[in-house]
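Step one of this worksheet: look at the structure below.
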Amino acid sequence: MESSAGPMELVAALLRGLTPRAEQLLQLSSGGGEAAAGGAAEARAAVATVAAALLGCAFLVLWRRVSAGRKRKREEAERSAAAVAGVGKGGKNASAAAGEEAGGADGRKRVTVFFGTQTGTAEGFAKALAEEAKSRYDKAIFKVVDLDEYAMEDEEYEERLKKEKISLFFVATYGDGEPTDNAARFYKWFTEGNERGVWLNDFQYAIFGLGNRQYEHFNKVAKVVDELLVEQGGKRLVPVGLGDDDQCIEDDFNAWKETLWPELDQLLRDENDVSTGTTYTAAIPEYRVEFVKPDEAAHLERNFSLANGYAVHDAQHPCRANVAVRRELHTPASDRSCTHLEFDIAGTGLTYETGDHVGVYTENCLEVVEEAERLLGYSPEAFFTIHADKEDGTPLGGGSLAPPFPSPITVRNALARYADLLNSPKKSALVALATYASDSTEADRLRFLASPAGKDEYAQWVVASQRSLLEVMAEFPSAKPPLGVFFAAVAPRLQPRYYSISSSPSMAPTRIHVTCALVHEKTPAGRVHKGVCSTWIKNAIPSEETKDCSWAPVFVRQSNFKLPADPSVPVIMIGPGTGLAPFRGFLQERLSQKQSGAELGRSVFFFGCRNSKMDFIYEDELNTFLEEGALSELVLAFSREGPTKEYVQHKMSQKASEIWDMISQGGYIYVCGDAKGMARDVHRVLHTIVQEQGSLDSSKAESFVKSLQTEGRYLRDVW
């Protein structure tokens, strides 16, 4: 069978067919009279035809690349799910299994394990539970499924869920009570479908949530999904697990898991099965690592320099962007640092909207990487390849391993780009280290810290003291795991850092601006902690200084933190410190709107910092926005200048009447900054303003504020 012609072949054929005729037409048009006019017209038509063909083929290429990317991502998810479910070659894939009713022809009950993850923890728990469940229930099939990959189109969610009988959900809450990126589409579909009624009569489920109790909307996503599942007919097997990452979320997961087993026993064991089962011991995950000679690897090493060929850029397919500008925003009098950085995205295909976030992948600094090399005992220049399968193609770890990073790669580059070395290690990492500790005393100590008996000591010595992975490894120098174990079980994958974009494409279409405060603080254990990304940003070399500039893999994450569609609507912005970032973009956008003739509504910006002479960032720009009319009023709070500390929430109280008037006129309220302190205080003050200025009791004031959030008029970009 002949292969079909590709888009470029079609264009080539079209050009070949038109070229001879085009030459004739050009000859005719160079003459005079009607023949020349007719020739010119036909020549223009020919050119238009070619242009249309080229444009059509360009769209076709783009569509194919996007479709191929989605298909590839779907196939990867299916392979992973099939591996965990025990489906081998010739078996049904995950999507086919997802559509089957429980208790198919093979008589095996099926359990679907969904996850929505931002950093990989929820996915790790989902896969760990599925692996353990396989050992407990040999007559059941467990499928692990990415919520985003479960359905390619929104309408498929309901169709597929109707066929599920037993499902487990691992969902994290991110940001201001929001779902993770890969759960966002499902969450939006599920929470906005208010007309479904009761339709999950045969659906049994359990949910484990991942959150942080320090944040206002602790495990909101898990709680909302649970509430809606019950309303729509689902039967809850066990209470929602509320994992708290502020303490030890692994302990929370294990405790919840123990409540789940008795319920699954009732559903998945035969009546005649009276076995209690053996104690399950999880295998230590390990990638297959092969060291290769430098001359064999040099021409094969893949890196992000080739990453700009993707049709769509996301966390899995970032875009290489050079640093164009870097400058310090604090004055020399300040003992802290804040950097203004600009990524050059010209020609990359990357675009953004005002209010979006940029994800930045950076590297561990050299001194940290060198310490890791010393502790592991590997040569920094050694090349290796890393694989999630055996040499025969069989998945390792039952398919529970995350896809490895690109290789061949040197030990130094792998540690710099992909290993999270500075966060505190999880208990599972301590178990892995204990397995490879040659000193039995060290091994016993590591196992104790990871055990239920060592819970309090782990909480104090590791979590409360903020000991990093490298600090813990330094305390147990005999623990030298192989690279395959280190990257699979000890060091989590280094995650991108997200920043509110501090520019508007109306003013900077080919630049993404970032405003970043340097993280440089002493931990309780005495170590000076340097933020991975903020340190890189502070030391970045811009292209305005040298052609050999710094660069990073970046991508844009869309946000709902947007200005009102109608520029005449009043706007209240609250953002101390680097919380100013998105509002700088807002004000650039409003200035552009004004310059285009739009009538702007009143806008007030509450900004706070320590001292006007030290950390009043973008002061000149803010004054320009005032002068040009993009900003109506700038309200300043300096916490270290007067005899008493003043913060933005205090200034809000002083402007209570004005704020209420703007809200009453349909105004929007935006808050950006620290979620644990400032955003909570601002929320309380807003509640008080609504209650007092609106003459409402406390419960009605709370309902009013919630209605502002529901209507999208009270938005927060907090961390």
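Quick reminder: no glycine exception, Cβ is built from N, Cα and C everywhere.
For the FAD site, Swiss-Prot gives Arg497, Tyr498, Tyr499, Ser500, Thr515, Cys516, Ala517, Gly531, Val532, Cys533, Ser534; the one candidate out of Trp256, Trp261, Trp660, Trp719 that the record lists there too is Trp719. In the record from Swiss-Prot, residues Arg336, Thr578, Ser639, Arg640, Lys645, Glu646, Tyr647, Val648, Gln649 bind NADP(+); the candidate from Asp548, Asp674, Asp681 listed for the same site is Asp681. Here the CA atom of Arg336 (NADP(+) binding site) lies 12 Å from the CA atom of Ser534 (FAD binding site). Neighbour counts were taken at the CB atom with a 10 A radius for the binding-site residues Tyr499, Tyr647; the maximum falls on Tyr499. The shortest Cα-Cα distance between Ala517 (FAD binding site) and any of the binding-site residues Arg336, Ser639, Lys645, Tyr647, Gln649 is the one to Arg336. Sequence-distant neighbours of Thr515 (FAD binding site) (same chain, six or more apart, CB under 8 Å from its CB) are Leu329, Cys338, Thr339, His340, Leu341, Tyr499, Ser500, Ser502, Thr578, Leu580, Ala581, Arg584, Ile617, listed in sequence order. Across the residues annotated as binding FAD (Arg497, Tyr498, Tyr499, Ser500, Thr515, Cys516, Ala517, Gly531, Val532, Cys533, Ser534, Trp719), the widest Cα-Cα separation comes to 17 Å. Of all the Cβ atoms in the protein chains shown, 16 others lie within 10 Å of the Cβ of Ser639 (NADP(+) binding site). Rounded to a whole number, the C-alpha distance linking Arg336 (NADP(+) binding site) with Arg497 (FAD binding site) is 20 angstrom. Among the residues the record lists as binding NADP(+), namely Arg336, Thr578, Ser639, Arg640, Lys645, Glu646, Tyr647, Val648, Gln649, Asp681, the two farthest apart have Cα atoms separated by 24 Å.
A Cα-Cα distance of 28 Å separates Arg497 (FAD binding site) from Ser639 (NADP(+) binding site).
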